[in-house]
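Novice: Checked TrEMBL, it gives:
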- 12-32: transmembrane segment (TRANSMEM)
- 56-88: repeat 'ANK' (REPEAT)
- 90-122: repeat 'ANK' (REPEAT)
- 331-368: domain 'MYND-type' (DOMAIN)
- 385-398: compositional bias 'Basic and acidic residues' (COMPBIAS)
- 385-464: region 'Disordered' (REGION)
- 402-412: compositional bias 'Polar residues' (COMPBIAS)
- 416-425: compositional bias 'Basic and acidic residues' (COMPBIAS)
- 454-464: compositional bias 'Basic and acidic residues' (COMPBIAS)
Ligand SMILES: [Zn+2]
Ligand SMILES: [Zn+2]
C-alpha cells in the first residue's frame, strides 16, 4: 500500500506538489493548512495551475474538500478549479471527498459549482453512496436534495410553441424552497404552501404540480436517471393535488387538510389518513419499473397500518439517504428534525415548539392520557430491566475478580452493542468481496487527507466503517 506520509508530512505548513511535465519541472503550491491569503497570492501567479494533480491524481480542490477547508475550496473554485476533474486513481471526485469529509457547506459548494452527482468511483459508488458508507448522512441529504434553481427557472420561460411559460416567475422562488426542503412531512409541505399566499391558490398549485410532473418525467427519461429526485417530485406533486382538493371542497381549506393529516385514530392516536395518503402517493408513481418504487413498496406493503416503520419514515430514508431513522427524534406534527419539546403530561410525543403542539392538540388530547399510561408502564419495565442488567453485571464482575477470566472475555463482548443496535444485522456473506474491495479502496487513499485536525473525527469515521461493514444492508444502495 502506498504511504502518503512520504509526500505529505502532516506537520508541515506547506505542502508542495511537484509535477514533472515533459517540458519542465513545475513547482506548484500547495498549502492546506489554512493560509488562504498565501494561496490566493500563489493562485494569482502565472505558473500555478489550479487543477494540478498529485501522484494519486488528486487536485488541490479534492485535498481542500477532504480536509473540510471551506475558504480554501471557495478560493480554488473562484480561480477556476475543475469540480468535475476525474483523474483520481480510484475515480474519486471532489464531491466524493466533500461527502466523505462530512462538511455540508463544502458539499453544497461543490454542487453549486456544477459537480455531477451520478459519477461513480472504481468500486461503482456515487458521492452520496460513499458519504452514506462512512456515516455522513447530512451530506447524503444535501446531495440527494440538491436541485439547482436554474433547472426550475427553465420553466419560467416559454418553450417551443408555448405562448406563456409553464411556471409564472413569481412562483419559482416558493416552489424551489419546497423542492429543496429535506423535511418531506406532508404537514410541513402544506405549511410551506400556506405560508406563501401566492402559492396557496388553486391555479398556482395546478401550474406547480404540472411542472413537478414534468421534472419527474425528465428525471426518469434522462440518460443519468435519478429515481430519488423523480420520486420526490412526484410525491410533492401528489401533496399539491390534495391541497387543491381541500381548497376547492373544504371551507377550512388548507387548515382542514392539516387536521385530516394529523387526526389520530381513537385507540392510539395514529394518523391513519396521513399514512394512507403517503402510501397512495408512492403507489401512484407512474414508472412501475423503477427500482426505488419496488424497494419502497416491498418495505411498506407488509407493514400493518399503525406499526413501524411508517410510510413517511421509509420514504424519508429513501430520499434523504438517512440510515437508522428514528421516529423519536422528529416532531410529531411537522416531522422537523431535532425536535425536543415533550408533551408534559404523557411525555410520548415531541414537538419543535409550542406552535406545533398547538396544531396537534385537537387530536392529541384524546389519547394523551392513554399514552401517559403506556409511558409509565414502559418506564417501569425499563427500570426493571436495568436492575436485572446491573445484577448480572455485578455477578460477572465477581466472577472476574475470582480470577477465572482473562481480558479476552471483555473484548469478546465488545461487538455486542453494535449487534443490538442493528435489527438487520446481516449474517450471510454474499456481499463480502465487494465490501472488502471498497474498504481497500478507502484505505488506499493518500493518508494526508485522512489526517484531519482532530484525530477523534477520524476515529469516528473508522468506527463508522467498522459498523457499516457489520451492517452491509445499506438502504442508500437503491
Ligand atoms: Zn414541528
Ligand atoms: Zn400528551
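Glycine is treated like the rest: Cβ placed from N, Cα and C.
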Novice: What counts of helix, strand and coil residues does DSSP assign across the compositional bias 'Basic and acidic residues' (385-398)?
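Specialist: Counting residues per DSSP class in the compositional bias 'Basic and acidic residues' (385-398), I get 14 helix, 0 strand, 0 coil.
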Novice: For the repeat 'ANK' (90-122), report the average pLDDT of the model, please.
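Specialist: The answer is 94, the mean pLDDT of the model over that range.
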Novice: Would you list the DSSP helix, strand and coil counts for the residues of the domain 'MYND-type' (331-368)?
Specialist: 15 helix, 5 strand, 18 coil
